[in-house]
Amino acid sequence: MEEDDIYTNDGTVDYKGNPANKKKTGTWRTCPFIIGNEVCERLAYYGMSTNLVLYFKHQLNQHSSVAATNNQNWGGTCYITPIIGAFLADSYLGRYWTIACFSIVYIIGMTLLALSASVRGIRPRCHAEDNCNPTEVQSAMTFLALYLIALGTGGIKPCVSSYGADQFDDTDEKEKKHKSSFFNWFYLSINIGALIAGSVLVWVQDNVSWGWGLGIPAIAMAIAVCFFFSGTRLYRNQVPGGSPVTRLFQVLVASIRKYKVAVPANKSVLHETADKESNIKGSRKIDHTNDLSFFDKAAVEIETDQLKGSVNPWRLCTVTQVEELKAIIRLLPVWASGIIFSTICSQMGSLFVLQGERMDTHVGHSNFKIPAASLSIFDTLSVIFWVPIYDRIIVPVTRKFTGHTNGLTQLQRMGIGLFISIFAMVVAAILEHERLKMIKRHNYYELKEMPMTIFWQVPQYFLIGCAEVFTFIGQLEFFYEQAPDAMRSFCSALSLTTIALGSYLSSLLVTIVSNATAKNGKPGWIPDNLNYGHIDYFFWILAALGVFNLGVYVWFANWYTYKKAVGTLR
């Protein structure tokens, strides 16, 4: 960007201050580069992660519960590191340079992982298909590569969706209408990458080699970076607003210092800049709201606030700064509801795979076998099926009844997804119950694959895909729209941490259940041979948690107050 670039009131760049140039940047013309980048990056990520639990089990010689735990812990870390990337993007680098820098780390990790599975001396030594004896160094190399990938993805995940949404101006009514559709099609692009990964790459890993199966994702990541840089001249870039953490703590400190100060009835006397724009770079002013009024004390002016002629932000904050903190606090209950939802969804990469591995993986009467992890393509196909239906049918139909621009509010949309996810666990529990009944009836305990087709798992994957379209896409849009302008990467990262915490919660539940049930010689609910286990009981626990989660969510959703930025068209 040039020094004489100016910034619009939503913080995006208007090149050379010429309105005509703005028409040449942003909107849908930049989306092929951003969405193309996302397709390839997600192909790389899912191509490496979809089958990871089986790589741990068979190549690194880990027990089922250990493999599931390591898989969940690594997956969780991939959704915690976005906090790092988001902080750097919002505070110093901006989203463009954050994506660019962390992509390099990502590629290094992917390359190292491919080498650890293919180069003699680095890859685990295997005497047979499922008889591998990796050294500590070989295992360490694998985990080093994986956690470099986790760091790299931390700079990409919280920024790409927000960066795409930045290309649509909130103050332009026509562009604002397209933003909601962008989130739908962005999430569709994620699942196109996942579809290729879950079908083609998982087959390569199971039938060709892990070297090729992990090498192709590394190549896909390199292509993703090329896609992103190709659109550089067309992007609109938002100005970093400084450390959001500092601003939040300034409000906390100032309000505590003034805990005895009364908030005036006339809220217009609260401190705010006289300028049209906020004093926070890249952020519009935010209208005052009446709830969480304790924090309004930070914006009450008293005589000691300006003794030295300048405002000390640790003693006096603007209304916009106070409303930033309020917006984050309001998001927290909605954020918390996503943790159990993510716990349910995380079963696709762990217990669903282990369940499917014990079923008949043949396609029809042929000798072709579908890898258990490939069943995740039906989650992807469900998303691909539901996104156009939601965008082209559900939204217009519901808009006629609700009068809302997007048909359903973001909170209503997420609530429907939480409801559907409960049924996914119920279906998975019923399937496992029937599978175990057949095993007991015919004494199939020692069969590696029992004669029940793996395609009975399709409904549970399809229901989770449907739930994702409502909840995960709703979350993307909700945390972007309700975030303060200068904290959008941070809030996107906050929403992603629900996936991390969901993985960690799943890992914790697996550990607790395994330890509690595997006693006195009993195999427990989640043994290495699931034919002796009872993961149906585990699925019922998750269904019950889902019901509780939905009830709490509905209560908080009724309490929620939507943010209103000054100048926003609604």
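Quick reminder: no glycine exception, Cβ is built from N, Cα and C everywhere.
As recorded in TrEMBL:
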type	residues	note
TRANSMEM	96-115	transmembrane segment
TRANSMEM	182-204	transmembrane segment
TRANSMEM	210-229	transmembrane segment
TRANSMEM	331-352	transmembrane segment
TRANSMEM	372-390	transmembrane segment
TRANSMEM	411-431	transmembrane segment
TRANSMEM	461-480	transmembrane segment
TRANSMEM	492-517	transmembrane segment
TRANSMEM	537-560	transmembrane segment
The transmembrane segment (96-115) touching the transmembrane segment (411-431) per 3+ Cβ pairs under 8 Å rule: no
Most Cβ pairs under 8 Å with the transmembrane segment (461-480), selected from 96-115, 182-204, 210-229, 331-352, 492-517: 331-352
Result, the transmembrane segment (372-390) in contact with the transmembrane segment (182-204) (3+ CB pairs under 8 Å): yes
Cβ pairs under 8 Å between the transmembrane segment (331-352) and the transmembrane segment (492-517), at least three: yes
Stretch among 96-115, 372-390, 492-517 sharing the most Cβ pairs under 8 Å with the transmembrane segment (537-560): 492-517
